[in-house]
Each structure stands twice: as C-alpha cells, then as structure tokens.
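Q: Below is the structure I would like to discuss, written out as structure tokens.
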Amino acid sequence: MAPNKPSVKGKSSSKGDSGKSKPLSSASKVSKKHAKRPPPKEVKSKARTESSLLKKTKKREYTEEELGLPKLNMITPVGVVKPKGKKKGKVFVDDQEGMMTILAMVNAEQEGHIESKLQKARQLEEIREAKRKEAEARHAEKKNKLEEAKQSIRQKRKRKSSGNEDSKSDASTSKSSSKSKEKRKSVSFA
C-alpha cells in the first residue's frame, strides 16, 4: 500500500517531512515578498467627492399640484370650478345666465355642423340626380339611333323585295323546314 500522509497539519514528527515542508513554505513566502503590487488608488476620496457632489445637486422638486400653478394651454369657461382634493369634474356656479350662454354657443356650433352636413348631402343628391338624368338621356339617344338604324334596314329590304323576294322567301322557308326534318336524328338511350 502507499504510505499515508499525516492528517494533522502543522509540525510533523518525522525530520524529513519537516525539511520538505519548510522550503515550500519559505519559497511561497519569498515569492509573495518579491511580487510588486501597484500603489493603492485613492478610491475613498473620490467616493467622498461624488457623494458631496450628489448632495449639492440634489434639490427638492415640487409638483404642479403642490405649487398650485394653473395648467397652461387650457381654456376654462367662467362658470367652471375645479375643487382641490375632490374628484375631477365640472361644477357649475348657480349663474343660470352664464350657463345658458354657454349652452347656446355649443348648440349653435352643433347646429352649424348639422346644417353644413345637410347642405353637403343636398348638393351630393343634386349631383347624383343630374348624373342620372344625363345617363338616361344618353340611353334614350342610343335607343333612338338603334331604332332609326332598324327602320332604315327594313325600308331597304322593302324596296328590294317589292315583288320577287316575297315568293322566294316563302319557298326558301318551306325548303328549310323540309331539310330540318330530314336532318333530324333520333337518339335512343340504352
């Protein structure tokens, strides 16, 4: 078996063991002594200056609510009051005339919008009506041209077939009917 190392650290009973351990420990001590360390940086002084700078720049900031400043770019009517510390809402003063003037202004504005919408709708309806009439007129013109063309073709036929064409057309119709009878094929399904 392999020799067991003593479990107790520190001074050993055998002379050889103590000799071996001393040079190792002395060598490690020497290497630590010879290793040069950089000089320590002054971190503490910087930390003190940073904290002092932070303390200097840190000031209390007040909110708008604490200062009680009015909000900018807001138009508040005369009768509207916003009580502090309560729910947001509009509380009208008991001034009936002021309230009625505000209501009248709003209603007039809304009626103006409605009237303008109605006017636009009427104008659009008139435009649609005019377009529809134009389309009907074009359609009627096309029909008239078609009817005139049909009449002219009929008159040309009548002029050509004053006497000879009538007898030939009767004969041709009878021949075509007999041919159609002959050409018919019967199909039986099995």
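Don't overthink the numbers, they just go from 1 along the chain as shown.
A Cβ is built for glycine as well, from the same backbone N, Cα and C atoms used for every other residue.
Worth saying up front: this structure is predicted, and the values here are computed from it rather than measured.
Reproduced below are the annotations present in Swiss-Prot:
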COILED    109-165  coiled coil
COMPBIAS  1-29  compositional bias 'Low complexity'
COMPBIAS  39-49  compositional bias 'Basic and acidic residues'
COMPBIAS  129-151  compositional bias 'Basic and acidic residues'
COMPBIAS  181-190  compositional bias 'Basic residues'
REGION    1-69  region 'Disordered'
REGION    129-190  region 'Disordered'
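Could you place these features in context, so I can see how deep they sit and what lies close by?
A: Secondary structure by DSSP for the compositional bias 'Basic and acidic residues' (129-151): 23 helix, 0 strand, 0 coil.
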Q: Within the compositional bias 'Basic residues' (181-190), count helix residues (DSSP H, G, I), strand residues (E, B) and coil residues, in that order.
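A: Within the compositional bias 'Basic residues' (181-190) the tally stands at 3 helix, 0 strand, 7 coil.
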